[in-house]
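K.L.:
What TrEMBL shows for this protein is this:
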- C125: active site, acyl-thioester intermediate (ACT_SITE)
- H239: active site, proton acceptor (ACT_SITE)
- T9, G10, A11, V12, R37, S38, S155, G156, P178, Q313: NADP(+) binding site (BINDING)
- R97: phosphate binding site (BINDING)
- Q152, R232: substrate binding site (BINDING)
- 2-117: domain 'Semialdehyde dehydrogenase NAD-binding' (DOMAIN)
Amino acid sequence: MRVGVIGATGAVGKELVEVLAKRRFPVTELKLFASTRSAGTKQKTPFGEITIEAYSLEAARHLDLALLAVSGDFSKAHARALAAEGVAVVDNSSAFRLEADVPLVVPEVNADAIGDHRLIANPNCTTAILVVALEPLRQAFGVKRVIVSTYQAASGAGAEGMAELERETRRVLVEGQPAQNEVFAHPLAFNVIPQIDSFQPNGYTREEMKVAWESRKIMGMPDLPVSCTAVRIPTYRVHGEAVTIETERPVTAEAARAVLAKAAGVRVVDDTAKQQYPMPITATGQDDVEAGRIRENPVFGDRGLDFFLCGDQLLKGAALNAVQIAEKMKVGVPA
Ligand code: 2RA
C-alpha cells in the first residue's frame with residue numbers, strides 16, 4: 001500500500017508511523033507531509049529516513065491510504081478532495097466527526113459502519129478511550145446514563161503541549177521561576193486546569209460536549225445522557241477517566257469485571273489488595289485501555305457502576321485507532 005501521513009511531524013503523526021510499523025501494515029511506499037516550514041527536512045522512521053514534503057493533492061492523489069493528523073481547517077479543505085480521488089482517508093480532526101455521511105469509528109464498537117466509505121473520522125481521544133469500555137458494558141447490562149470526569153494529559157494538546165509541560169516543570173524545579181504558559185490557558189505544571197477547549201453556551205467546554213456527541217454517534221444511542229467534566233493534568237500522554245454509569249439491568253462489580261476482561265481493547269487492572277489499578281505510568285505505550293476500580297455505585301441501587309480508565313491518548317486515543325480503522329477499510333480497491 002502507498003501510505004501518506006499528513007501532519008507527520010506532530011505528536012500523533014509520529015505515532016502513526018510507529019503504529020504502521022508495529023502492526024506490520026503492508027506499506028510499500030510511505031510519504032510524509034507537513035507544513036512548508038518542515039518541508040525538505042528528514043525524519044527517521046522504521047521505514048527508513050524520509051524527506052518531509054509540503055502537502056498538495058498532486059503529490060498525494062496516487063496514495064492508497066492517507067492518515068490525516070492535521071487541524072480541522074486543513075482537513076475540511078483537503079480530506080474530501082483526497083477521498084474523491086479514491087484514496088482511503090482516515091481523519092483525526094473534529095472536522096467530519098458529526099457529519100451524517102462520514103462514519104465515526106472505534107473498530108471494537110462499530111467497525112460495521114466503515115463499509116465502502118472512503119472517508120472515516122477518528123474520534124476525540126477521550127471518547128475513544130471511553131467507548132471501548134462502555135460498549136461491552138452496554139451489551140451486557142444496558143447503559144441509561146453516563147457521568148465522566150477526565151484527567152487528560154498534556155499530549156492532548158500535541159507535541160507543543162508536551163514541550164510546554166516539560167519546559168514549565170524545569171523552569172519551576174531547576175530555575176526556581178514561576179511556570180509560564182502559552183499552549184494551555186494557565187500553567188499546567190503543578191496545577192490542574194478544568195478547561196479543555198472553548199466554553200459553550202451551556203457552560204460545558206467543547207471537549208466535554210465532544211465526549212457526549214461522539215459517544216452517542218459511535219454507540220448508535222442518539223439520546224444517551226452523558227455529562228463530562230474534562231480536566232487537564234500535568235501528565236505526559238495518558239488520559240484517565242473516572243466513569244459512573246446507570247445501567248438498564250442489575251449489575252455487580254464482579255459481573256462487570258468479567259465482561260471487561262473479555263472485551264477487545266480493554267485490560268482489567270483491578271486488584272486493590274495489591275494496589276493495582278489503571279495509571280498513566282502503566283498505560284503509557286500500551287494499546288489496551290486499562291480498566292479498574294470497578295465497584296457498584298449505591299446511588300443507583302443495584303444498577304450503578306463506577307470505574308476508572310487509563311488509555312494512551314496518542315495510541316487508542318489517536319494513532320492506533322486510526323490504523324485499526326485503515327485495516328478494516330477497503331484500501332487499494334478502486335472506488
Ligand atoms: C485533548 N482530546 O486532550 C483533546 C484533543 N486531543 O486536548
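Note that Cβ sites are derived from N, Cα and C of the backbone, with glycine treated the same way.
Note that this is a predicted model, so its numbers are computed, not measured.
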K.L.:
Cβ under 6 Å from an atom of ligand 1: which of these recorded positions qualify? The list is R97, C125, S155.
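P.N.:
Cβ < 6 Å from ligand 1, in sequence order: C125.
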K.L.:
What is the number of other Cβ atoms found within 10 Å of the Cβ of P178 (NADP(+) binding site)?
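P.N.:
I get 10 for this one.
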K.L.:
Non-local Cβ contacts of S155 (NADP(+) binding site) (under 8 Å, 6 or more apart, same chain)?
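P.N.:
Long-range Cβ contacts: A11, G161, M162, Y236, R237, V238, Q313, L314.
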K.L.:
Would you mind checking how many other C-beta atoms are within 10 angstroms of the C-beta on R232 (substrate binding site)?
P.N.:
26
K.L.:
What does DSSP call P178 (NADP(+) binding site) in the simple three-state scheme?
P.N.:
coil
K.L.:
Using C-alpha atoms only, work out the spacing between P178 (NADP(+) binding site) and the residue listed as 'phosphate binding site' and round it to an integer in Å.
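P.N.:
Their Cα atoms are separated by 39 Å.
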K.L.:
Express the distance between the Cα positions of the residue listed as 'phosphate binding site' and T9 (NADP(+) binding site) as a whole number of Å.
P.N.:
23
K.L.:
To the nearest whole angstrom, what is the C-alpha distance linking R37 (NADP(+) binding site) and the residue listed as 'active site, acyl-thioester intermediate'?
P.N.:
27
K.L.:
Would you please pick out, from the binding-site residues R37, R97, the one with the fewest other Cβ atoms within 10 Å of its Cβ?
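P.N.:
The binding-site residues R37, R97 were compared, and R37 has the fewest Cβ atoms within 10 Å.
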K.L.:
So which one is it: of the recorded positions A11, C125, which has the fewest other Cβ atoms within 10 Å?
P.N.:
A11
K.L.:
Please work out the number of neighbouring Cβ atoms within 10 Å of the Cβ of Q152 (substrate binding site), leaving out its own Cβ.
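P.N.:
Taking every protein chain into account, the count is 26.
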